[in-house]
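Participant: Sharing a structure here in structure tokens format.
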Amino acid sequence: MPLLWLRGFLLASCWIIVRSSPTPGSEGHGAAPDCPSCALATLPKDGPNSQPEMVEAVKKHILNMLHLKKRPDVTQPVPKAALLNAIRKLHVGKVGENGYVEIEDDIGRRAEMNELMEQTSEIITFAESGTARKTLHFEISKEGSDLSVVERAEVWLFLKVPKANRTRTKVTIRLFQQQKHPQGSLDMGDEAEEMGLKGERSELLLSEKVVDARKSTWHIFPVSSSIQRLLDQGKSSLDVRIACEQCQESGASLVLLGKKKKKEVDGDGKKKDGSDGGLEEEKEQSHRPFLMLQARQSEDHPHRRRRRGLECDGKVNICCKKQFFVSFKDIGWNDWIIAPSGYHANYCEGECPSHIAGTSGSSLSFHSTVINHYRMRGHSPFANLKSCCVPTKLRPMSMLYYDDGQNIIKKDIQNMIVEECGCS
């Protein structure tokens, strides 16, 4: 019974979402919605006045996104020499050889970085005891099995210095990767440093750092290239030997693994936990070495491939992106808009047959797939609903312009340009 109730609730929720969403053509031409694609798609494309109507829709949309009721009145424009000098000094744009201003696309780069960060996983792996003394073993989580591009990898080690013996001595800490090679295939390359080869084992210097031994603190050792090499070879474990030759004479020591809890025996012969030992163990464990890995899937990974939206070429009727560029010079707006030179007012148009509704890659694919499942089977209230061709990916746009007070404004506008279209 609870399962049936849950299904009914989800069904009703989807129906409410669809009923509350505007359908193409439900908005008046005079409105300036936040979605320029929706406004342009409802306008006639073939009539004699179609182009002016579309340009007017774009104008209203730009003013709306800049929170302006009308275009600024630039009666006394700033001299071009002063304008170009200010732009150079403030680093808000670049001036080309032809005198045109190219705005710095900081927001576009930030959007790309944010998208990249969303695809990046961060994995922290704590060290285990290695097979030999002063060696550490790191086993990279299975979470990283699909990750093949290393953005950053670091080994963190804690250097402990006794309070009574703090000198100004500097010590050198080295990390060596222990490697196993098949018999007769030992080829370390130019960057390898062999130290005490024994049979099939060899060592490669991973990282080296000179640190101050005056205080107890963490030290970071970059190992990105080594982890990248491991992933390229299909491996997931790293064995590291730690060397610090001057540590003993300076009184410093590296915390490689937490000490095991000591057991004390009471008068009755029973074992009891030593409170001091427990605190010491907890402190040691808090300084346990770890590997921090930031990695992502490669561009050609099958899980990263998603269906790209179609570009309208006049040959297909299926939902696609229609390119539409409005030059600010052509519409007489280049006197108050400094940069860019125009606006890519792309919009979505085309049919959405049932077999492509809710395609992967669409931000609306969950709801559209559920609704389409019931619609195709004639279930009420979805039987008469139709899929719509809507933007599925938008990108931001930066603008540099004058306001009514001749001030230069730079504004970053989110979701301004349609990049891809899909069926809802």
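Placed from the backbone N, Cα and C atoms, the Cβ positions cover glycine too.
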Participant: Tell me which of Cys312, Cys319 Swiss-Prot records as disulfide-bonded to Cys389.
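Facilitator: Swiss-Prot lists the disulfide between Cys389 and Cys319.
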Participant: If you look at what Swiss-Prot says, which of Cys320, Cys348, Cys352 makes a disulfide link with Cys423?
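Facilitator: Among Cys320, Cys348, Cys352, the cysteine that Swiss-Prot links to Cys423 by a disulfide bond is Cys352.
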Participant: What does Swiss-Prot give as the disulfide partner of Cys421, choosing from Cys312, Cys348?
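Facilitator: Matching partner in the record: Cys348.
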Participant: Quick test of reading the record: Swiss-Prot lists a disulfide for Cys320. Which of Cys312, Cys388 is on the other end?
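Facilitator: Looking through Cys312, Cys388, the record in Swiss-Prot gives Cys312 as the partner of Cys320.
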Participant: By CA-CA distance, flag whichever of Cys319, Cys320, Cys348 among the disulfide-bonded residues is nearest to Cys423 (disulfide bond).
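Facilitator: Minimum Cα distance from Cys423 (disulfide bond) across Cys319, Cys320, Cys348 lands on Cys319.
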Participant: Which site among Cys319, Cys320 has the most other CB atoms no more than 10 Å from its CB, taking these as disulfide-bonded residues?
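Facilitator: Of Cys319, Cys320, the one with the most crowded Cβ is Cys319.
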Participant: Reported as an integer number of Å, what is the Cα distance between Cys348 (disulfide bond) and Cys319 (disulfide bond)?
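Facilitator: Given the Cα positions, Cys348 (disulfide bond) is 7 Å from Cys319 (disulfide bond).
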Participant: Checking the contact step here: among the disulfide-bonded residues Cys312, Cys320, Cys421, which have a Cα within 10 Å of the Cα of Cys389 (disulfide bond)?
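Facilitator: For Cys389 (disulfide bond), the disulfide-bonded residues whose Cα atoms are within 10 Å come to Cys320, Cys421.
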Participant: In whole Å, how far is Cys421 (disulfide bond) from Cys352 (disulfide bond) when you measure between their Cα atoms?
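Facilitator: That separation, Cα to Cα, works out to 11 Å.
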Participant: Rounded to a whole number, how many Å is the Cα of Cys421 (disulfide bond) away from the Cα of Cys320 (disulfide bond)?
Facilitator: 6
Participant: Measuring Cα to Cα, how many angstrom lie between Cys312 (disulfide bond) and Cys319 (disulfide bond)?
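Facilitator: Distance (Cα to Cα, whole Å): 8 Å.
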